[in-house]
2 protein chains.
Amino acid sequence: MTKPLRLGIAGLGTVGAGVVKIVQTHADLLASRTGRRVTISAVSARSKSRDRGVDLSAYAWEDDPVALAKRDDVDVFVELMGGEDGPAKAATEAAIAAGKDVVTANKAMLAIHGQALAETAEAKGACLRFEAAVAGGIPAIKALTESLAGNEITRVMGVMNGTCNYILTRMQDAGLDYQTVFAEAEALGYLEADPTLDVGGIDAGHKLALLASIAYGTQVNFAAMSIEGIERITIEDIEQAADMGYRIKLLGVAQMTGRGLETRMSPCLVPATSPLGQLENATNMIVLEGDSVGQIVLRGAGAGEGPTASAVLSDVLDLARGTRVSTFGRPAGDLVAARAAVSTAPAPFYIRFALVDKPGALAKIATVLGDAGISIDRMRQYGHEDTTAPVLIVTHKTTRSTLDEALSAMDSTGVLAGAPVAIRIEEV
Amino acid sequence: MTKPLRLGIAGLGTVGAGVVKIVQTHADLLASRTGRRVTISAVSARSKSRDRGVDLSAYAWEDDPVALAKRDDVDVFVELMGGEDGPAKAATEAAIAAGKDVVTANKAMLAIHGQALAETAEAKGACLRFEAAVAGGIPAIKALTESLAGNEITRVMGVMNGTCNYILTRMQDAGLDYQTVFAEAEALGYLEADPTLDVGGIDAGHKLALLASIAYGTQVNFAAMSIEGIERITIEDIEQAADMGYRIKLLGVAQMTGRGLETRMSPCLVPATSPLGQLENATNMIVLEGDSVGQIVLRGAGAGEGPTASAVLSDVLDLARGTRVSTFGRPAGDLVAARAAVSTAPAPFYIRFALVDKPGALAKIATVLGDAGISIDRMRQYGHEDTTAPVLIVTHKTTRSTLDEALSAMDSTGVLAGAPVAIRIEEV
């Protein structure tokens, strides 16, 4: 048997401890599958004394992850600290500089610095892999990079933040409003320290940026993404969507259009009977579409110790088998800086607004939409609540930019109480 | 750039022509993703003159696939002829003997001869890969072999024959009986020349045998599988199942039990709200369960030109990138001959039978079940049709062997008109 593949693991939170457990409990299984033993040489974390439920006594301890990354007895640096800069980035760069392969679960670091890191890794002949950074245990990166490599990718979609999906399905199931369920989720510890990362769509946006880069051969460009969170979704939106046969999901979509690469993370209406519509609680789903393969749907746990550790092991065991794939699926130098297109793909939209109680108010809104060339598929006006009446409109297909102009014009009519809410209806 | 990876393709049916199309239309894309051009040196098929909608003039033609497999200008032999023996096997063996890598979509050949072929391939240092043999474009083989390699696999399930799923969902949607929908499917060209391969569960069984080998490190053993087709499923079964919140699917299940490896392909009741229950028409679904990753669900087209060609390319492009994975996920010599366990995993069952119109008839059946230690969860008796009354029973958990003894004893009571039908209820 070949000599062992020796890991250095930085970050011993839930996922790090999970990786240690798998390496310890499945040592023979991993060796029989890869022809090579996988061992741990050294570990690093903020607190040496904390009990993590795993025996670390056989491994060297490094207080400094950069020192860990450079150790001679480490073949693969496993970065599980998180954070887009700071120690995670410093240690990853140190490992690459030392010619070591890197496996990371760090979506934020890669979404911001992925291109530079991939270029450096290739210059040093090192592999930089990140299956665990996107959708936990779901093999999204491998499926897109390897299984669908014979396809021109036509669209990538996904529900990639379990907390947001939990909040939206809990609102629907229990008929609760956003604030109540948000507070529940916070109490349950489901939210990041900065909840905007979750409910603001940023965490999911990081993941989509990585998928888009692989799908279209483009340099990862998180800054160009259009991002909208779930904070403005009301229980009324959810119930109205359900009445019309839809569910509301925080959906990421990446597609190459004639005018550039469109990447957006936003609440969308999807058919209730579709796999995306049926996705409940914290489960994740990735939908990959290619010109030959059609639509492939991948579903599973998007977070948690076991699923994320399983994804880390997927990359580690690839390296043990000698599999070496470019970070974003092709040489970093070949990735192009794609023109970012804003919402050029037309879609129907759901619009909600409150109309003030004035004669001709609805006519003004209908005129604005008509003038913008937006035709109405369905409309409902409800009875007045105090001095305003809720109105829902489903439009025929239009572009987001046309719609935004119309929304702005609607605002200027003086017949709306508050800004209108618009949610895209995605064909899935 | 490295020198091209040169293919020899034997079999130019739908899938073969699809592979040629991808290689021709996406030549630059494939090269940019793998760092290596993929070319076709030679092709072989039964008829040289048939128009397949692709230009083959640039490729050498071989009448004999064995001669094609041995050509010096072929690096990878792509076997798309089908058939468990005959030319497919002869040519695959010839390619391996010549030290060439082989990519095949041939589930029957691998289910019967997979162990021997894998051993020969490894002895010659050749790769033998078969993503396209299982569930078309769904990356089932790669996900199980590579993505979940860090897991002890706890269960593998799948709906892997699109024709059967089409028949079952069409029966349900249109309220038609089996014979009518079978005739429809035949007229539409959905069935194999020998329809037993489809509706008898054999084709799906071949696929399950391959998945089980990877999952549990066992020698592929199609002969040990318990196989039951969909021929005895009636529209009444489907409607009764639906009334109780279930769907009937031809479901493959492989799980390692304390008494050995259980692999079975049979109609099962699954919850209507589960991903498997919601699977409609010819779509396939693979469910992989591991001790760390939990449950991963993969859904997509299980057949057809594009999806299957995409899977062939997945293997070809892996080879172009230099990825080399053992046929069944570990060295062929390490695969063990697992003891085949028959139905040791207990489950609830749905039983349907017709009771003759005699006093005390139902009591006799209830006594047989009670004597066998099988308790009844739910029972329905319907009004008499002529001289018999249909009865449905849902049992609590029992093993298939206990149930089979009870069914045999029920048959001996003399109060049944015809043999009872029993369908397992699978927890999914």
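Cβ atoms are placed via backbone N, Cα and C, with glycine included.
Please treat TrEMBL annotations as automatic predictions, because they have not gone through curation.
According to TrEMBL, the NADP(+) binding site annotation covers B:Ala10, B:Gly11, B:Leu12, B:Gly13, B:Thr14, B:Val15, B:Gly16, B:Ala17. Following the DSSP three-state reduction, the secondary structure of B:Val15 (NADP(+) binding site) is helix. A C-beta separation below 8 Å, combined with a sequence spacing of at least six in one chain, links B:Val15 (NADP(+) binding site) to B:Leu80, B:Ala105, B:Ala132, B:Glu305, B:Thr308, B:Ala309, B:Val312.
Annotation source TrEMBL lists NADPH binding site at B:Lys107. DSSP assigns B:Lys107 (NADPH binding site) to a helical segment in the three-state reduction. Long-range C-beta contacts of B:Lys107 (NADPH binding site), restricted to its own chain and to partners at least six residues apart, with a cutoff below 8 Å, comprise B:Phe130, B:Ala133, B:Val134, B:Asp203, B:His206, B:Lys207, B:Leu210.
The L-homoserine binding site annotation in TrEMBL covers B:Glu192. Annotation for B:Glu192 (L-homoserine binding site): same-chain Cβ neighbours under 8 Å, separated by at least 6 residues, are B:Thr163, B:Asp198, B:Asp203.
Annotated active site, proton donor per TrEMBL: B:Lys207, in sequence order.
The feature domain 'ACT' is assigned by TrEMBL to B:350-424.
Excluding B:Ala10, B:Gly11, B:Leu12, B:Gly13, B:Thr14, B:Val15, B:Gly16, B:Ala17 themselves, the residues of that chain whose CB lies within 8 A of the CB mean position for the NADP(+) site are, in sequence, B:Ile9, B:Gly18, B:Val19, B:Ala45, B:Arg52, B:Leu80, B:Met81.
Close to B:Ala10 (NADP(+) binding site) in the fold, though at least 6 residues off in sequence, lie B:Gly16, B:Val43, B:Ser44, B:Ala45, B:Glu62, B:Pro65, B:Leu68, B:Ala69, B:Phe77, B:Val78, B:Glu79, B:Leu80, B:Met81, B:Pro87, B:Ala88, B:Ala91, each with a CB less than 8 Å from its CB. Of all the binding-site residues given, namely B:Gly11, B:Gly13, B:Gly16, the one with the smallest number of surrounding CB atoms inside 10 A is B:Gly13. Looking just at the domain 'ACT' (B:350-424), the mean pLDDT is 91. According to DSSP, B:Ala10 (NADP(+) binding site) sits within a strand segment. In terms of DSSP helix, strand and coil, the domain 'ACT' (B:350-424) has 23 helix, 28 strand, 24 coil.
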